[in-house]
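Presented below is the structure to which this report refers.
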Amino acid sequence: MSAAFRKAAKTRQREHRERSQPGFRKRLGLLEKKKDYKLRANDYHKKQDFLRALRKKALEKNPDEFYYKMTRAKLQDGVHIFKENKEEVTAEQLKLMRTQDIKYIEMKRVAEAKKIERLKSELHLLDFQGKQQKKHVFFFDTKKEVERFDVATHLQTAPELVDRVYNRPRIETLQKERVKGATPQTGLKRIAKERQKQYDCLTQRIEREKQLFVVAQKIQTRKDLMDKTQKVKVKKETVNSPAIYRFQTRRKR
């Protein structure tokens, strides 16, 4: 009970504060207290210990010591710079490999491939930026035929339509069919914008399908590595391809 009474008595006790800086020495600057001195002293001793340890390490250094880290380091302006290793797996690939199964990734890849085929059939890859330009080759027997050759006459179409790879009607069709009125400029812009949007979507889906294929290959490679068969790494893993191993040939029973 006495301890409880002592605590209760201390609640009404006067608070003892540390003496502030006297007015007559204010011109000399801030008066350092003991807690300030301890912080300064501890910081000083910590730095001295660190310097002492560095001097000892420099004295005891073996000039013939070697670390494998030295093979990818060089000294530039007195500073050691280490070569950065090439990224083998992206963060998105690593997340997929850790959280998803190979069957799920293969299913998503097949779904993306089907969507790509559907978009290709709708767009017919008209003026697609990633598509290789096709060539139309004409064959002739003599040089005179080559000199007299005219593309528009040969294709039986108007000269203005020669550069088209699609919707290139013949002159007979143009004479028979009724020509529709000119499309407004706003309508043409809207159609071009929608088509560009579809091409962007197609490009993204093609890239995603490639990434899913790479992830599936990397997961399969990691599964194959669980086999105890002796193997040798032939090619390192990169962002766009899995590592390649050569396994020891084993005769199956």
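Glycine too: its Cβ is placed from the backbone N, Cα and C atoms.
Quick look at what Swiss-Prot annotates:
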type	residues	note
CROSSLNK	K74	SUMO2 cross-link
CROSSLNK	K83	SUMO2 cross-link
CROSSLNK	K86	SUMO2 cross-link
CROSSLNK	K103	SUMO2 cross-link
CROSSLNK	K120	SUMO2 cross-link
CROSSLNK	K143	SUMO2 cross-link
CROSSLNK	K144	SUMO2 cross-link
CROSSLNK	K180	SUMO2 cross-link
CROSSLNK	K218	SUMO2 cross-link
CROSSLNK	K235	SUMO2 cross-link
CROSSLNK	K236	SUMO2 cross-link
MOD_RES	T90	phosphothreonine
MOD_RES	S241	phosphoserine
REGION	1-26	region 'Disordered'
Residue with minimal Cβ packing [other Cβ atoms within 10 Å] among the recorded sites K103, K120, K218: K103
The residue listed as 'phosphothreonine' versus K218 (SUMO2 cross-link) - Cα distance in angstrom: 12
Check: min Cα-Cα distance from T90 (phosphothreonine) over recorded positions K103, K120, K143, K236, S241 goes to S241
Of all the recorded positions given, namely K83, K120, K235, S241, which is spatially nearest to K103 (SUMO2 cross-link) at the Cα level? S241
Counting each residue once, how many in the region 'Disordered' (1-26) are helix, strand and coil under DSSP? 14 helix, 0 strand, 12 coil
Inter-residue Cα distance where the pair is K143 (SUMO2 cross-link) and K120 (SUMO2 cross-link), in Å: 40
